[in-house]
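Asker: Straight from Swiss-Prot, here's the annotation block:
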COMPBIAS  178-195  compositional bias 'Polar residues'
DOMAIN    587-709  domain 'C2 4'
REGION    178-201  region 'Disordered'
TRANSMEM  812-832  transmembrane segment
TRANSMEM  846-866  transmembrane segment
TRANSMEM  954-974  transmembrane segment
Amino acid sequence: MMMSNLKLGVDVIGAHNLFPKDGQGTSNAYVELYFDGQKHRTTIKDRDLNPVWNESFFFNISDPSRLHYLNLEAQAYSHNRSTNGRSFLGKVSLSGTSFVPHSDAVVLHFPMERRGIFSRVRGELGLKVYITDEASLKSSAASNDHPDNLDPALPRAMNVEHRSDKRHVFYNLPNSAQEHQHQHPQGPNQSSSLAAEQDNHNEHHHHYVPKHQVDEMRSEPARPSKLVHAHSIASAQPADFALKETSPHLGGGRVVGGRVIHKDKTATSTYDLVERMYFLYVRVVKARELPIMDITGSVDPFVEVRVGNYKGITRHFEKRQHPEWNQVFAFAKERMQASVLEVVVKDKDLLKDDYVGFVRFDINDVPLRVPPDSPLAPQWYRLEDKKGEKIKGELMLAVWIGTQADEAFSDAWHSDAAMPVDCSPAISAVLRSKVYHAPRLWYVRVNVIEAQDLIPTDKTRFPDVYVKAQLGNQVMKTRPCQARTLGAVWNEDFLFVVAEPFEDHLVLTVEDRVAPGKDEIVGRTYIPLNTVEKRADDHMIHARWYNLERPVIVDVDQLKREKFSMRIHLRVCLEGGYHVLDESTHYSSDLRPSARPLWRQPIGVLELGILNAVGLHPMKTREGRGTSDTFCVGKYGQKWVRTRTMVDNLCPKYNEQYTWEVFDPATVLTVGVFDNGQLGEKGNRDVKIGKIRIRLSTLETGRIYTHSYPLLVLHPTGVKKMGELHMAVRFTCISFANMLYQYSKPLLPKMHYVRPFSVMQQDMLRHQAVNIVAARLGRAEPPLRKEIIEFMSDTDSHLWSMRKSKANFFRMMTVFSGVIAVGKWFSDICSWRNPITTVLVHVLFLMLVCLPELILPTMFLYMFLIGLWNYRFRPRYPPHMNTKISQAEAVHPDELDEEFDTFPTTRNPDMVRLRYDRLRSVAGRIQTVIGDLATQGERFQALLSWRDPRATAIFVILCFIAAIVFFITPIQIVVALAGFFTMRHPRFRHRLPSVPVNFFRRLPARTDSML
């Protein structure tokens, strides 16, 4: 057997800020690499704490199937030439799950790790680790030694022998965004080696590869839905808008209290979050030797599949006796009223289609097939005429009964999603379910430094030049700079958003502002993005000079006279250490950086079952009655899912299940319901019906949440309930320790804190990211249109709304309500409203003053007990949109009209003037509050500023006296006296302000300096 060509490449770039080990403040550093029993080492860099190697090494991978379980270890040492010994400088360990292909690899600087408790290490090691399968590359074992740098005491690279009796299979690296595909369970055509690998590591992947099995389901009446109310009275809302807990019968059994009651303990199913639905599948593959039907000597065949009143039609071919369709039709068994399936071959004609032949099946004899059973092999069937006699021509078909777990489900034509009038392939395409993968987004940073040897068209004046950078439809410009020496300096940064694969070019144009409104192009350069360097941290990118090309052809003699060409100095890189925000930061579903090597292992699996919808409002009129053609869209991370469109149905049943990998619990799943606008006239927009958000950190792991979610939408006339969506959600944890560790990590990648963006930059980049995702998903089939992407991504969440401002104010008041309640309680204590309570507080206060070491233990013990007590009343349901918190119940109609106004406004001037005056009134109150806060702060500053010499003198003298008193008097006595004085009896109080308050209010502020 031949060995696999798969190799692990390691580029040792350099190290930074190493620990000195030679006693003279330096180190003789080198690096040893260990992987899969192989060992390589770099050259020795003498007397250098920041060595640079730029050396590449390649390791043979003996068994690619075990790649994820191997580790790469890089150990740095300092060589002592006097003793032929070595000192440990630090190590870096990388797991096999972080290895990526060469195209995705970037240079990462890893902090040095200790080998033991007493190891003294510091600094970073720069590595670039990747996987390649180029056969021309050889292992570095034979060529890695450097005789001039090796010392006899140092070990050389070891040659590793590989057994040739073991079969090696090449494995493509898995894409984490594709490990859980919608409704495509593993078929029997997978390689035996992969099956063996799954068997060997079943305990690590039991969440990913469950088995399919058919089990019977009783049609018992479902339990009545149970209303779920919030535990807070302040956030209570109408019962019609509340969440309803349900106990449906799903594929795995009945759900009661978030747990599944299995009827058959041995029965398991991947699709256990939806009701099992049975379909009659008909795969029309091809036909042969069809009889001639036209006078032209040919036939224009198409196939019509009929079950009772349901009919599916394939596309037709012109003049072909051996057509191939390979189309699948799915008929919902619960709606079938016939017992016979007819597959009819017809000849397309202008007036009336001609009858060619048919094949008839008894549905009771159709076999049942559920994955992981092998796909049913199609067979040839002889056509019959209307009399039942065999005729010339055969049709290849496969007919079986399956569930929504079948591989053919997503691409099939569905009877419950069929148009009553138009059943063309184009219409059928926009009705199917689909899984989309959004492109991986990157930030492109362009640093425009300077330009030299600029040659303007008018040499009688100094050019006033600026640089225009363009990437797709994103355009940015530098400030104008007057080039007095035929050179200009800007040193400005631009940021763009780009999606993989990098097909666009970065275009930089140097333009001369000849006159106001008139610019002339001086030079231009094109930079392909696939040649731009990627970086995952903030290390410096080397700047490069790029030649500027003239936009027009000039005189050849002039080109010969010009000795130098125009150049521009740029620093361009792809930022992989950031997460490109393409959705609202409050509802982010993915927080991973762009660079794949920085991704951590998934901590869990999110499963979503979209069951059905009830009580939907009609969104259109068809044949004189209201109806809807609805579908659902789910978004989490880079994976978008779309259910099939249920045509002409106000209570549709979807029963489709989807799965996502979870990398961070502080993320949000978003599910939207839409009305398909592509079934009528072209150019119609898909209409939004409602949206649901579920934050994963609020879910208990392993629990199945089955609820009916109200679809609440805010209209210009007020909040409306558009129906209810019944869903089942389960969050399964793979590694509980990793999930808890995730709570200690920053929410966003490191670069967001090292080199943060401004708020304006974030809004602009987010807008560009949404446009890129919408353009990419809009090219899929069926497309996810732009209005869907914008609605799911909350692109308008930053726009002004009086309703949202009120809601945020009351939210803030709710947050501080506890502090206000404590202040009110303490005021009652000080006023001796309840003497017994006040005396007890005095005793407790005296105990804490005498024993201050009990303050922190008492406080934390109190919070511990309160937390245990509240566990009994913990929420048992996912949070949902609350109309009372959103201030959507009693909102003024004019405020709603303002919220739905476009940007810029399209309302009449009188309405805009009225709203402007109202906004001025609100802003005036805010201005007053901010001014009062500033005044209090300036009075504190005036205590020691001698702005009021008498007040400052009094304060300084009091501070000196207080210092003497606090030095002489024990602090317990001072605190006790202050506490007793604060809680003194009302008989010893008066209503006038105290002396310190009077003194503070007399201090000057800068209000006198305001215009």
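Cβ coordinates come from backbone N, Cα and C, glycine included.
I would like each feature placed in context: is it buried or exposed, what are its neighbours, and how far apart are things?
Answerer: Mean predicted confidence for the domain 'C2 4' (587-709): the pLDDT average there is 92.
Residues 234, 838, 841, 982-986 of the same chain lie 6 or more positions beyond the ends of the transmembrane segment (812-832) yet place their CB under 8 Å from a CB of it.
With a cut-off of 8 Å between Cβ atoms, the residues of this chain six or more beyond the transmembrane segment (846-866) that come close are 972, 975-976, 979.
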Asker: Pull the DSSP breakdown for the domain 'C2 4' (587-709) and write it out as helix, strand, coil residue counts.
Answerer: 7 helix, 62 strand, 54 coil
